[in-house]
Amino acid sequence: LGSAAVTRPPVPAAVDIQPACLGLYCGRTVLSVNGSLETYGDCGVCPRGQRTDDNKICRECVESPDRYDWLYLGFMAMLPLVLHWFFIEWYSGKKSSSALFQHVTALLECSVAAVVTLLVSDPVGSLYIRSCKVKKLSDWYTMLYNPSPDYITTVHCTHEAVYPLYTIVFIYYAFCLVLMMLLRPLLVKKIACGLGKSDRFKSIYAALYFFPVLTVLQAVGGGLLYYAFPYIILVLSLVTLAVYMSASEVESFKDLLVRKKRLVVLFSHWLLHAYGIISISKLDKLEQNLPLLALVPIPTLFYLLTAKYTEPSRILAESGNGH
């Protein structure tokens with residue numbers, strides 16, 4: 001036994017084992033690619049336009065937004081336009097003839113801002129944009145998931161995991177504000193002669209207030225809006241339509257036909273209602289989802305059929321007769 005050869009297992013070659021990449025959104029950037037061999041950097045934040053894959057490697061966003069993503073961007077683009085129209089109508093007054101021109105100008109501002117925003121987004125000069133797929137709500141709030149391995153030092157891995165759905169809204173609002181400041185004051189000064197000097201610029205002043213509010217809303221609640229905006233559209237369109245018809249004392253179809261403005265407001269609410277239904281269904285199955293659009297005029301019909309039974313004066317008169 002002493003002279004017998006002793007065989008030992010071969011010693012494995014040294015393997016470069018990198019420490020685990022902690023954190024939900026921390027990843028390693030690809031430094032170089034040599035055939036099928038990739039060299040990675042240290043664990044940290046992914047560059048803009050990239051997000052981590054299942055192996056904690058930063059990969060470039062090469063997908064295109066799906067239909068729901070475009071509907072969300074459309075909703076965020078409509079918010080300033082609807083607010084513009086509301087405040088223009090609110091401050092124009094009944095005697096002013098400048099409201100229509102201001103409405104058209106606001107539509108032009110938001111449309112041009114949307115096109116320019118798409119053109120300056122990656123790839124530059126094209127209306128097509130590349131994006132990362134939204135997987136869950138936490139993708140919108142990566143700043144809340146920076147790891148602290150030793151409970152003292154924080155590894156900052158905050159990046160736009162939903163690129164570019166988060167920042168593209170801020171860019172759009174910036175262009176809307178710039179175009180409004182360039183076009184609207186000149187227009188209002190020329191055509192808003194029916195308004196006083198203190199009233200003609202109030203719709204512009206209102207925009208200077210609601211744009212910061214919209215910016216904060218996107219910064220804080222962008223992820224929540226992404227999942228809830230179809231239901232927000234449905235609820236707001238129903239509530240605002242009921243309030244408008246009640247304030248305008250619309251109780252029958254004849255009352256709607258008296259003024260063209262009422263029909264414009266009605267059809268605008270119907271479009272918003274249809275937009276909400278399309279956003280919820282996503283039109284994945286056309287044969288099942290398109291018939292849902294027939295529900296759009298139902299709330300209006302219900303209101304007109306029941307308005308005469310809920311007239312406050314009639315209720316008070318009947319209650320008085322009852323006593």
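Even glycines carry a Cβ here, placed using N, Cα and C.
Annotated features in TrEMBL:
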TRANSMEM  70-88  transmembrane segment
TRANSMEM  100-120  transmembrane segment
TRANSMEM  163-183  transmembrane segment
TRANSMEM  204-221  transmembrane segment
TRANSMEM  227-247  transmembrane segment
TRANSMEM  263-283  transmembrane segment
TRANSMEM  289-306  transmembrane segment
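Between the transmembrane segment (163-183) and the transmembrane segment (70-88), three or more CB pairs separated by 6 or more residues in sequence fall under 8 Å, so the two stretches touch.
Contact between the transmembrane segment (227-247) and the transmembrane segment (100-120) is not supported, since fewer than 3 Cβ pairs fall under 8 Å when only residues 6 or more apart in sequence are counted. For the transmembrane segment (204-221), the neighbouring stretch richest in Cβ pairs under 8 Å, chosen from 70-88, 100-120, 263-283, is 70-88. Sequence-distant neighbours of the transmembrane segment (70-88) (same chain, 6+ residues past either end, Cβ-Cβ under 8 Å): 99, 102-103, 106-107, 109-110, 114, 165, 168-169, 172-173, 176, 180, 202-203, 206-207, 210-211, 214, 218, 225-226, 229-230, 233, 275, 278-279, 282.
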